[in-house]
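*Asks:* Just passing along the structure, written as structure tokens.
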Amino acid sequence: MLKKIVTALGMSGMLLASSNAIAEDTTTKNDNLSPQSVDLSPLRNLNKLDSPMDKDYNYHQAFKKLDTEQLKKDMQDLLTQSQDWWPADFGNYGPFFIRLSWHDAGTYRIYDGRGGANRGQQRFSPLNSWPDNVNLDKARQLLWPIKQKYGDAVSWSDLIVLAGTVSLESMGMKPIGFAFGREDDWQGDDTNWGLSPEEIMSSNVRDGKLAPAYAATQMGLIYVNPEGPDGKPDIKGAASEIRQAFRAMGMTDKETVALIAGGHTFGKTHGAVPEDKVKQAIGPAPDKAPIEQQGLGWHNSYGTGNGDDTMGSGLEGSWTSTPTFWNHDFLHNLYNLDWKKTLSPAGAHQWTPTNAKPENMVPDAHKPGVKHKPIMFTTDLALKEDDGFNKYTQEFYNNPEEFKEEFAKAWFKLTHRDMGPKSRYIGPWIPEQNFIWQDPVPAADYKQVSTQDIAQLEQDIINSGLTNQQLIKTAWDSASTYRKTDYRGGSNGARIALAPEKDWQMNEPAKLEVVLTKLKEIQTNFNNSKTDGTKVSLADLIVLGGNVGVEQAAKQAGYNIQMPFVPGRTDATQAQTDIESFNYLKTKSDGFINYTDGSVSADKLPQTLVEKASMLDLNIPEMTVLVGGMRALDVNYDNSQEGVLTTTPGQLNNSFFVNLLDMSTQWKKSDKKDGEYIGIDRKTGKQKWTASPVDLIFGSNSELKAVAQVYAENGNEQKFVNDFAKAWHKVMMLGRFDVQQ
């Protein structure tokens, strides 16, 4: 029925932007593109170009002038200041703002780190017009006077999450804390949200399984259809979809139950418009609404158009008799009332009790003295009927304080999951407790290495017997796990020495162990030799080793460079590392080292290179110079010679670009290996080189070729080396939120 309602609202034809996801099988926009027309848009920082802020604007600096206590008080006051243009249910906007925050943060998915509350994407299309976000445009509008008052000192993305958190506290649910630090985007991103992005409410489930890389079971929903799978009131099927959807955003069964049961303690759902009047009464979503509505969508011509006549999901009613107070009545009703399937006025599947007592009746949201039966969604009943969920609903029902504590922790995780490590948090309400999902690293309790120490360690590395290639590839494999979407990964923590990273195929475990063993030996000897409290971490040594390898390779090519090095990384422990969670950082292909696990078709490899570069926050020239340098350095996965277009392998020079653009070479597809190309001397017919689609894209794509030509030009040899060094240092510093950059 929800799908029918959405269609009636005129949203089924809404087009959504397409994929930027790393997972090859979720790409939509580029499915029909040939390699030479690879989409480079992920490498263009359009948000920065579109920002109206001054170039020197720094949110962390602007935040310092924010009176956080006054902001909180203003937010608390707003909750009970009902506006005629959008009256508050039960005289309190708290439940409305909880939904706003939840739906903002709930788009996060652990597969690629996309979605979430950071950067305030809910303000833009397509998210602002999703059916699951119906009427949240009004919630953001209610916040506008506060945003206007505090201006640049608080971001929209922080304000939206704060609204829900303050609402919880005002209604008796004490949060464990709140962190500021989210920065705003200025345009909608091009994340791929569904298998059929052209059709709202189309299913992302195939044969009962949520498709990889998605976190919602249907396009336009945050998690699952509350009526049941694809609108069918199937409790068992709903349980399966709930579990898959919440796991896709990194939640356990316990956290899932806490969030749903806790969230449905508050507020109501809206489906007051009769089914036969929905199509006529409800206008289009914000991105298709008439210009005079000024960004507000879903205009409702039925009755008053708001209050008791509000139309939202199509389901109608409240879960508890106290919808603006924290308690465990949701769980009490779930277990003590007998639920019968029925339809809302709008025709949506929901459940009402057959044995409701006066104390179970819920107040009308706008008419004093009027009472209604409580309701449950099909997805709510799944928390009771599914054995895995039942374990926790029973536990929480019998232990209200535990329920409160677990909800508070789950809410904090929900609203902060995409912010990255704790070092990115700012503000006065940051909880002292660390959580494993924050990918914690220990604080340094020792003195950092001096310039003299660094010189000594560099010499120790040179004398270790490790090759430049070993050092460079290990440093790359460590740092290149970073992804800018949720600020995870990177060199800090040295998790390449821990499970699961040490066992990843792309890291060549046996070879990696040789390097790590030698670096640990250097670390131990150095630390034992110091009597002044100075120590070096393995994480720092891995990066320093990569720098040494680059410097030595440049020297062999006739260039003297000094790589910048910023110590301060620390080493995480295995106990601080969630193996399942970190496995999502494992990439299917890494074009910088010509690696693929075989699951990505050859013609998609150039695009996955772009996606990898985007995750590393690189632009087009940085990606280009890094690939060219890595090929010259001869650091491909498994010693592959594909793309090593040089007669001086291991030297840092521009030979890759010079030879790629040399017209004395003719390229042909290999008849022996899919995705391999053979470079043949046009005169002799003899084979000169082999290359991958990733290599040849730099001579095929017009934009990439233009950059490649710059690096192949006479006189730009030193520029190439310098640019490679800068790009290399940038990658090594990804995730270093502990230092000012």
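Here the Cβ of each residue, glycine as well, is placed from N, Cα and C on the backbone.
The shown structure was predicted, so the numbers you read here are calculated from the model rather than taken from an experiment.
Feature annotation from Swiss-Prot assigns active site, proton acceptor to His103; the stated evidence is sequence analysis. Here Swiss-Prot flags His264 as heme b binding site. According to Swiss-Prot, the feature signal peptide maps to 1-23, an assignment based on experimental evidence. Taken from Swiss-Prot, the feature site 'Transition state stabilizer' covers Arg99.
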*Asks:* Which whole-number value in Å describes the distance between the Cα atoms of Arg99 (site 'Transition state stabilizer') and the residue listed as 'heme b binding site'?
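*Replies:* If we compare the Cα positions of Arg99 (site 'Transition state stabilizer') and the residue listed as 'heme b binding site', the gap is 10 Å.
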*Asks:* For the recorded positions listed here, Arg99, His103, His264, which shows the highest count of neighbouring CB atoms within 10 A?
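*Replies:* It comes out as His264.
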*Asks:* Expressed to the nearest Å, what is the distance separating His264 (heme b binding site) and His103 (active site, proton acceptor) at their Cα atoms?
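*Replies:* Counting only the Cα atoms, the answer is 14 Å.
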